[in-house]
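Engineer: Dropping the structure in here first, questions after.
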Amino acid sequence: FSGAGKPPMYGDYEAQRHWQEITYNLPIRQWYFNTSDNNLQYWGLDYPPLTAYHSFLCAYIAKFINPDWVALHTSRGYESQPHKLFMRTTVFVADLLVYIPAVILYCFSLKETSAKKKASTCALCILLYPGLILIDHGHFQYPLSLGLALWAVLCLSHDWDLLGSMAFCLALNYKQMELYHSLPFFCYLLGKCFKKGLKGKGLVLLAKLAGTVLLSFAACWLPFGTDVEQIMQVLRRLFPIDRGLFEACMFSSPTRCPDKVANIWCSLSVLIKIKNVISPRTQLKLSFAVTFLSLLPACIKLTVQPSLRGFKFALVSCALSFFLFSFQVHEKSILLVSVPVCLVINEIPFMATWFLLVSTFSLLPLLLRDGLLLPYAVTTPAFLAVCLASFSILEKTSAEDLQLKAFSLSLKGHVAWFKAFPRVVRSLFLLSLALLAMLSVLSAALPPPQRLPDLFPVVVAVVSCLHFLLFLVYFNLVLLWDSRNRGQKKIS
């Protein structure tokens, strides 16, 4: 697992264990504060309250099994086979209770996959997505926020808007990175209110939604709500803007460069040392402005023409904009884009499979550092094989299959070019796979030059970023040129 046997920080496995230690042994008012018993420089809590409550629940069970696992101070860096089994079981239970049921129910609720065989195939492909498997069970993360977000999408697809709002509020209160998905939820529900009329049913729905959100947040933050300083301290831990534009690896050795993320800022820093040219405050403003402008068209489209299909594509587009342009992005944040892409794998299997393969590749430096080369080498080709067998993706590369027919017709005089479109797309896909495979082998097998110790991580980040920029253009084209909202129920 991540960081095993590597003091002084040990890795994300130790972070999860340490949060259990802190939440069980200290009063709530000390969970987010730096004290003699809670050194925030050693994996201090930096996720919202629901993560802390979940840690406390796991710690309560751990204390019952073996008190040494969560003993204050003395359990730091604790590693044993029984404890590893316990921790992995907690992740698996979270999968079984939250994430996997949401995936299965979502796939069986799709109109496009009404046949049980097709629904099962769709669910299998989503559950076999290697990025989530490797991060959840290899790098050691819990899938609860993504699972809750999926439940929210499932609820909205059945017009259970209040339940969907509550589920998404819970997701946001588990991990603040769910902000990547917040604008599509907001714009879709606001658009529904507008369609119903803000002088009648729409106003009632808007009031109910606002009340649901307020009550959900109040319930999650109740133990912290009695003290303004408590709330402000939690917020400071959730949004540490003083770290600068890049989400650097805070606990790496002084000689090691920060992690390379496949977004625009890290890629540009290869040519321009942004952190040396622009002040931290200006970096924050710049990233906010670029992120806002990049996701604005999708949000406007979804608000004006709310549809479930548009909502799902907006989830992809907005999350990808956040990943590419926002402030302090971590490599693992690509999962916040990948899960919404999984939701449309039945509609655009070719592009969805391509994106999911690239997203897994973008995690390669992190996976290599955590000793996950073999799982990466096994799960990625297996996922591709399943998608090839299930969806025959190489046969679905026409403009219509890729949901680009409306866009191609809008080009008028240039439509003839689209006759060669399927062949061009297939060729690009195969070239891309060959490039990803080659870079994977080189990263794993060759030592980097002494003068360029981060050569391979930088190349992986830049290549992945270029792919993601093209995907961002593609998903926006699909969303913005979708005037028919096919297969959607009329919002009344």
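From the backbone N, Cα and C atoms, a Cβ is placed for every residue, glycine too.
TrEMBL lists these features:
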TRANSMEM  85-108  transmembrane segment
TRANSMEM  120-142  transmembrane segment
TRANSMEM  148-172  transmembrane segment
TRANSMEM  202-224  transmembrane segment
TRANSMEM  310-327  transmembrane segment
TRANSMEM  334-361  transmembrane segment
TRANSMEM  373-394  transmembrane segment
TRANSMEM  428-446  transmembrane segment
TRANSMEM  458-481  transmembrane segment
Engineer: Six or more residues out from either end of the transmembrane segment (428-446), which same-chain residues have a Cβ under 8 Å from its Cβ atoms?
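Structural biologist: Tertiary neighbours of the transmembrane segment (428-446) are 350, 354, 357-358, 361, 364-365, 368, 373, 376-377, 384, 394, 397, 456-457, 459-460, 463, 467.
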Engineer: Do at least three CB pairs under 8 A connect the transmembrane segment (310-327) and the transmembrane segment (373-394), leaving out pairs fewer than 6 apart in sequence?
Structural biologist: no
Engineer: Mind pulling out the one from 120-142, 334-361, 458-481 with the most Cβ pairs under 8 angstroms to the transmembrane segment (148-172)?
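Structural biologist: By Cβ pairs under 8 Å, 334-361 leads among 120-142, 334-361, 458-481.
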Engineer: Under a Cβ pair cut-off of under 8 Å, which of the recorded stretches 120-142, 310-327, 458-481 contacts the transmembrane segment (334-361) most often?
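Structural biologist: The listed stretch sharing the most Cβ pairs with the transmembrane segment (334-361) is 120-142.
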Engineer: Which residues of the same chain, at least 6 past either end of the transmembrane segment (310-327), have a Cβ under 8 Å from a Cβ in it?
Structural biologist: 153, 156, 179-181, 183-184, 187-188, 241, 245, 263-265, 283-284, 287-288, 290-291, 294-295, 298-299, 301-302, 333-334, 336-337, 340-341, 343-344, 465, 468-469, 471-472, 475-476, 478-479, 482, 485
